[in-house]
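Listed in TrEMBL:
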type: DOMAIN; residues: 22-72; note: domain 'NXPE C-terminal'
type: DOMAIN; residues: 253-734; note: domain 'Cas1p 10 TM acyl transferase'
type: TRANSMEM; residues: 269-291; note: transmembrane segment
type: TRANSMEM; residues: 355-375; note: transmembrane segment
type: TRANSMEM; residues: 396-417; note: transmembrane segment
type: TRANSMEM; residues: 452-468; note: transmembrane segment
type: TRANSMEM; residues: 474-494; note: transmembrane segment
type: TRANSMEM; residues: 506-526; note: transmembrane segment
type: TRANSMEM; residues: 561-579; note: transmembrane segment
type: TRANSMEM; residues: 600-617; note: transmembrane segment
type: TRANSMEM; residues: 629-647; note: transmembrane segment
type: TRANSMEM; residues: 659-679; note: transmembrane segment
type: TRANSMEM; residues: 685-709; note: transmembrane segment
Amino acid sequence: FKGGDTCEYLLSSGRFLGEKVWQPHSCMMHKYKNSEAKNCLIDKHVVFIGDSRIRQLFYSFIKLINPQIKEEGIKHGNIPFEDKSASIKVDFLWYPEVNGSMRQRIKSWTEGSVAKPHIIVIGAATWSIKIHNGSNEALAQYKINITSIAPLLEKLAINSDVYWVLQDPVYEDMLSESRKMITNEKIDAYNEAAVRILNSSSRNSKAKVKVFSVSKLIAQETIMKSADGLHLPESSRDTNAMILMNVYCNKIMKPIDGSCCQPQPPLTLIQKIAFCFFTLSIIGYLIISLIHRNNYRKNKSCTDLESGEEKKPAISLPNVSTLEMLLHCFCKLGLIMTYFYLCDRANLFMKENKFYTHSSFFIPIAYILVLGVFYTENTKETKVLNREQTDEWKGWMQLVILIYHISGASTFLPVYMHIRVLVAAYLFQTGYGHFSYFWIKGDFGVYRVCQVLFRLNFLVVVLCIVMDRPYQFYYFVPLVTVWFMIIYATLAVWPQIIQKKANGNCLWHFGLLLKLICLLTCIYFLSYSQGTFEKVFSFWPLSKCFELNGNVYEWWFRWKLDRYVVFHGMLFAFIYLALQKRQMISEGKGDPLFSNRVSNVLLFISIVSFLTYSIWASSCKNKTECNELHPSVSVVQILAFILIRNIPGYVRSVYSSFFAWFGKISLELFICQYHIWLAADTKGILVLIPGYPMFNVLVSTFIFVCVAHEISQITNDLAQIVVPKDNSTLLKRLLCIAGFFSGLHFFSAMQDQS
């Protein structure tokens, strides 16, 4: 609502998620690794000035640079630290009181050509309270002293980052007798004096001393765990050090999950062109709509005043032209993309970090399961994996994946392993669905290929342009696109073997199996030859599609993780369709798939297999080791689910229309969540309504689902226009699309050079 500087929020407000995770108000905090901290602070000089509390903060800060450092320095003296590999200097200067000595040290940095520290963290008060027994005279002297150093700090703040750390509250019951005079009432008085005096004379916004008051909020929650009632526990001071690192480094390192203190990224050339295109589309659509509306009013039916009869218009209302439909789609898409940009690129809406709890994942899962079962209807057909059933399967899987993402459940390994099976099941359906289509219909025409590629990639291409993200960032779409092309190439290459041809001669079945074996061999070879894989996808123009952060490793990792499951889907489709053709399975309404005895045995094996996989996944201790086994064993739970869902006749004859509705827009849901449900490219959560987490999720979810549904309709409408059935028209459209991508590449090259 206020907009403004997220740095101010980071330094002054926030709350704990759980016991140790600090959530700043309105923005996300990045957890810096020591390598990132070194890159940010290279050639920098940082100074901490103050008492033992500032010394604690100093140690927590340098541990972000070198975790091996131990707190072995002199207690009441200066402590130097230097990292020669990155030319970083961090010094602690022992000045427990705000007095003439501290003023002299600060003044030395403001005079002449003396090298000034890049960051100054300063604060003191408890020693003044202790030494002077909490007297009012000491507070008055503190005000005088801080008034004398304030202009010097403001002068330093012009070129350096200066932070004044307010005094944390104490836990009075735990204080030793020598510290009993340090009360929270006295600390509040000293803090109030510091806040009132600092920046009071400064009119220059650049010359402001930043008040580090968030430490007080953190201490209020954690000081009870203090060892002596005065010093913060280690986890709290580590949080303070991480906040300091975010305040200074986020604008330099620009981490995706660190939205605090990051300025809004400037519009790229391609984004500006996209903005102009959508603006012109909206204007064009409005002009055409006004013209049509005026024509309609002129020709509208009217009543003859003399006869009282209705006159018929001479001209009927014209049908919507292709141009108007095109502009209508781009008009809606332009408004939707504006919302995308405002949510995840402009600093308009707040963003927060994810925080996982078991209840935040499993309670919504139980809720949607109850809803899904409530909306049960009969299927139109009772075949295995019929359309309603596959839509239902996609729908509930997508909802589970969405809950997994927003709850941050990837940190819980058993949930992560089960979600990996759901992603594999999507790819299994890709193999099953596309193989079945080509095998039964034998349609290898360009129209079919273009329709599939357009529907899969349209939204992602638009988002790559509007959100300035590489194609590989939306990893699932490149994955299903490549696998579709592999399936197409496998079946379309000579000899083309389809069901109609194979029915005449059984040898064709062996020919198809030979093709599938060749495909499996290629997959196996590429999965164990990373160098060959990277060479294949490092050639231009493939490299432009599959590189992320300058290499194709992420693409290699994603492809390898589910490398066999599409093949499993194709093989399952082949076996199922062969059994169906020979009438070896019963797919009548209410009939079990096989004989009662075989059905019971298979059902028992399926349930045992399903539970065995879940037990194994839940006992995983290491993500890397489990990921190595996942490609080979994920098919066990997928096949077990298919058999459990299809062997009993009644279960096969019903489906959940609730889940099926979401299944029809599952691809749009998966892609849209990146920017308008989650935030910071899935690293955080979008906050439309601050302070009300549940209400916020309800509102953002409603908008998110409506937008995904609308984009699905837009994609379907545009697919009919952009990909026509007429081959000559289609060829012209393909040339236009090639020209579009050539222009995109040209502007991208211009952008990179600038």
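The backbone N, Cα and C atoms fix where each Cβ goes, glycine too.
The model shown is predicted, which means the values in this text are computed figures rather than measured ones.
For the transmembrane segment (561-579), the neighbouring stretch richest in Cβ pairs under 8 Å, chosen from 269-291, 355-375, 506-526, 685-709, is 506-526. Sequence-distant contacts of the transmembrane segment (474-494) (same chain, six or more residues past either end, CB-CB distance under 8 Å): 423, 426-427, 430-431, 434-435, 438-439, 444, 449, 452-453, 456-457, 460, 463-464, 515-516, 519, 545-546, 554-555, 558-559, 562, 566, 570, 667, 670-671, 674. Between the transmembrane segment (452-468) and the stretches 396-417, 506-526, 659-679, it is 659-679 that has the most C-beta pairs under 8 angstroms. Here the transmembrane segment (506-526) has Cβ contacts under 8 Å with residues 486, 490-491, 493, 495, 497, 532-533, 536, 563-564, 567, 570-571, 574, 578 of the same chain, all six or more residues outside its ends. If you look at the transmembrane segment (659-679), the same-chain residues 6 or more away from its ends with a CB under 8 A from one of its CBs are 28, 259, 339-340, 343-344, 349, 351-352, 372, 375, 388, 390-399, 401-402, 405-406, 455-456, 459-460, 463, 467, 474, 476-477, 685-687, 700-701, 703-705, 707-709, 711-712, 715. Averaged over the domain 'Cas1p 10 TM acyl transferase' (253-734), the predicted model reaches a pLDDT of 92.
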